[in-house]
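To start, the structure itself, in structure tokens.
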Amino acid sequence: MTMFMSGVVAIFEYDLKKIIALSTLSQLGMMMFSISLGLYELAFFHLLTHALFKALLFLCAGILIHGAGNTQDIRSFGGLSLNFPLVTVCMNLANLSLCGVPFLAGFYSKDLIVELACQYSWGIFVLLMMFICLSLTVLYSVRLTYLSFVGPYGGG
């Protein structure tokens, strides 16, 4: 439920730092899910990989906030990829890793958790909730990228 609720709230949030913090909460839910399966080492591995790309996300967020006139509202960003190309690449790599794209850090830990969860007989509801929560992660990450880098400029 932690993964689900934080994912839903992150979709409707417009504060950059809150979105990143809510995604951290969602991933903590993923780690607790892994622990509930008895996969303690895998939860720790996900904690380490998540800490690395989440630190990169917060560093990029700080640069974007500073460069956008000290505002955290992503509605006022838009089109920042032209002004911050390196930050765009770094933040997109961190977001893709958060989503579990193959061959990035988040894939190796998240894929193992999902794969082993599917092997356990937890029931269809638990597996369905896990896949919905993973989809929510992708949804708020794509939304953040679109509103920050691709969408129209919304600042005054």
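In case you wondered, yes, glycine gets a Cβ from its N, Cα and C as well.
Residues annotated as domain 'NADH:quinone oxidoreductase/Mrp antiporter transmembrane' in TrEMBL: 1-131. The transmembrane segment annotation in TrEMBL covers 20-40, 47-66, 86-108, 120-142.
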- Counting by DSSP, what is the helix, strand and coil composition of the domain 'NADH:quinone oxidoreductase/Mrp antiporter transmembrane' (1-131)? 100 helix, 2 strand, 29 coil
- Near the transmembrane segment (120-142), which residues from the same chain, at least 6 beyond its ends, have a CB less than 8 A from one of its CBs? 1, 3-4, 7-8, 10-11, 19, 22-23, 26-27, 29-30, 33, 37, 95-96, 98-100, 110, 114
- Would you kindly list the residues that approach the transmembrane segment (86-108) from elsewhere in its chain, counting only those six or more residues past its ends and only Cβ-Cβ distances under 8 Å? 23, 27, 45, 49-50, 52-54, 56-57, 59-61, 63-64, 67, 80, 134, 137-138, 141, 144-145, 148-149
